[in-house]
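S.K.: Positions annotated as domain 'Core-binding (CB)' by Swiss-Prot, on the basis of sequence analysis: 1-85. Per Swiss-Prot, domain 'Tyr recombinase' is recorded for 106-283, and the stated evidence type is sequence analysis. Marked as active site by Swiss-Prot: Arg145, Lys169, His235, Arg238, His261. According to Swiss-Prot, the active site, O-(3'-phospho-DNA)-tyrosine intermediate annotation covers Tyr270.
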Amino acid sequence: MSRLVDDFFAFLHVERGMSAHTLDAYRRDIGALIAWGVQQAVGEVVALDRAQLQAFVAAEHRRGLSAKSLQRRLSACRGFYAWLVKRGHIAINPAAGLRAPKALRKLPRILDADEAVSFVQIPTDTPLGLRDRALLELFYSSGLRLSELCGLRWGGVDLDAGLVSVLGKGSRQRVVPVGSYALSALREWCASSGGGAQQPVFPGRYGGPISARAVQVRIKQLAQRQGMAKHVHPHMLRHSFASHLLESSGDLRGVQELLGHADITTTQIYTHLDFQYLSKVYDAAHPRARRKAR
């Protein structure tokens with residue numbers, strides 16, 4: 001059994017290009033299923049039927065696992081059984097069609113346009129300031145994922161065309177435009193840092209790509225230094241990019257392409273943010289909004 005599980009994770013890593021973070025989550029999910037099977041003495045997980053999987057989901061739910069975590073756990077199980085079917089180890093996928101309780105989707109927190117512009121406009125009178133300005137401007141200008149920004153090398157930056165080429169989820173390559181302010185900041189940082197094609201745009205302490213944790217800590221420090229009340233984190237800049245772009249353009253499909261979302265339903269969360277903003281405008285401005293009739 002352990003060999004099959006190892007082979008499955010090798011498939012996810014090599015053929016599906018799954019990140020180490022996602023692989024760890026999947027290992028926990030499949031591990032939970034195996035542990036439940038042992039505890040219930042129901043045999044090997046390859047032999048579980050649909051009713052037993054439903055019992056597993058119910059047990060996890062009773063244990064207090066959130067709806068979102070349950071959905072991911074079921075997704076891992078579906079993928080595992082689908083792989084077993086494809087390899088001929090079992091005849092049918094017992095997890096196909098199984099559903100977890102629906103998760104309440106939280107709306108992402110964003111900076112408004114004025115907050116975002118104020119935040120990224122930090123002084124550039126030191127090399128560190130040049131780097132930080134370029135990093136923040138690029139985040140907000142192009143809506144990159146944290147992993148994409150950390151892995152970016154100068155060879156993937158076309159300062160003349162105003163484009164960056166990044167490796168997204170599932171090892172999918174995409175090209176995204178860079179705004180004029182971010183381009184200006186990148187040019188200054190390139191001139192200061194050297195900018196060799198194979199060099200990371202944002203190097204870490206030892207010359208390799210900067211770590212995700214280092215970026216998170218730095219953004220938190222910069223936000224605190226500016227006295228911002230909100231807890232600012234890298235993904236908030238990506239959320240802000242998407243929301244502001246959708247608000248001004250209304251082009252959901254275009255925003256999907258720029259963000260690198262494989263499924264447009266992932267992008268649709270930003271339409272709810274836009275509606276939330278419009279609702280606030282209505283409540284504040286309309287003479288009949290939320291007022292008791294006299």
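Even glycines carry a Cβ here, placed using N, Cα and C.
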S.K.: When DSSP states are grouped into helix, strand and coil, how many residues of the domain 'Core-binding (CB)' (1-85) land in each?
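M.R.: Grouping H, G, I as helix and E, B as strand yields 69 helix, 0 strand, 16 coil.
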S.K.: When DSSP states are folded down to helix, strand and coil, where does Arg145 (active site) land?
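M.R.: DSSP call for Arg145 (active site): coil, neither helix nor strand.
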S.K.: Does anything in the same chain, at least 6 positions from His261 (active site), have a Cβ under 8 Å from its Cβ, and if so what?
M.R.: Thr267
